[in-house]
Every structure is written in C-alpha cells, then in structure tokens.
C-alpha cells in the first residue's frame, strides 16, 4: 500500500478552477485504480503554513541552546511537520493556477517546507544530492496563455522537485484565456490526460 499526498494550491473551488477540476478527476481515477492506497489531502490556503519571515528564519539559525519565543517554537514545529508529511508520502499530486507567471504565495510557502537541507537533499563534496529518490510528484497547472512548459512557475516547480531527486512530471491545461471558446475542449483533453496518468501513478 502506498500513500498519496494531494496538495490543493488554489484559493477557490473546482467550480472556478480548471486545475482543481483536473485534480478531482485525478483523485477519482486514482482511487479506482489503487483502492488500497492511503490518500491524505492538504489545502495550502487553510493550513496556516509558516512563511520564511524574520521570526522563523532567525529561529532556524539561532542554534540548539538559543532561547526561542513560544511563537518561534510553534512555527519551527509546524514547518517541520509539513516537511515530515511530504517525506511520509510515496506520491504527491499538486494542483494550482499560474498567477503573474508564478505559483500562488501560499503554495510557495509549502514548497519551502519541502526543500530542506538534511531532509530532502544534502550537500556533498561533489555538490547537492537529492534525498527524495523514488518519490513521484505530479504537477497539475492551469495557464490562461500558452507557454509550452517554459513559464517561470513550471520551471520553478520542475527545478525544485528534480533538485530533491523526485520523479517529477507535469500536465498543464493552457490557452483557455487566449481562446475562451475552446475552454471545454481544452479541459476535456486535460481530464483525459490526468485520468490516464492516474492509472499507473
């Protein structure tokens, strides 16, 4: 039995989101193909993920014997909790829109909890080495324009998850803002792709 972590990176519901429509279709198809697997869901917009602000970063570099505030201790514990949640999953699926050429800020904060030295990668004399080998990561993204996987959001997500050694792949639905009349056609193609991916993911 494997564990799938489902990461919702959109502030709205599937009624207003093509990426979440794809995510819902993926999860439904995945459950049918892998009925014994455990599925855990994470909504980054309601999870109160700590951001890398002054309070958190200063706590990270304070040292073992430093006196931390209760708030700093809480942020460190919650940050580590999201790291461990990612590590405990065998597979991860992430769905998000592209906002201003990038992923939403809340999703970026979650990604920061995933990219952790000593946990998901390590430094060696030959350079950094990923520690998340064998972990499958599927990225579902909706782009209003057509970017052909060359948008900064895709490049960033690919760079991070390849850096930590995971088996990263992406399925995008794009062009619906450029040509709204084709939205249903584009969505149908997207759904077909994610349902097919779910069979063997």
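Every residue gets a Cβ built from N, Cα and C, even glycine.
Here is what Swiss-Prot says about this protein:
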- 17, 18, 19, 98, 99, 100, 101: FMN binding site (BINDING)
Do you know which of the binding-site residues 98, 101 has the most other C-beta atoms within 10 angstroms of its C-beta?
98
In Å, how large is the greatest distance between any two Cα atoms among 17, 18, 19, 98, 99, 100, 101, the listed binders of FMN?
17
Secondary structure at residue 19 (FMN binding site) (DSSP, helix/strand/coil)?
helix
If you skip the near sequence neighbours and keep only those at least six away, which residues in the chain come within under 8 angstroms of residue 18 (FMN binding site), Cβ to Cβ?
142, 173, 176, 183, 186, 187, 190
Between 17, 19, 100, which of the binding-site residues has its C-beta surrounded by the fewest other C-beta atoms within 10 Å?
100
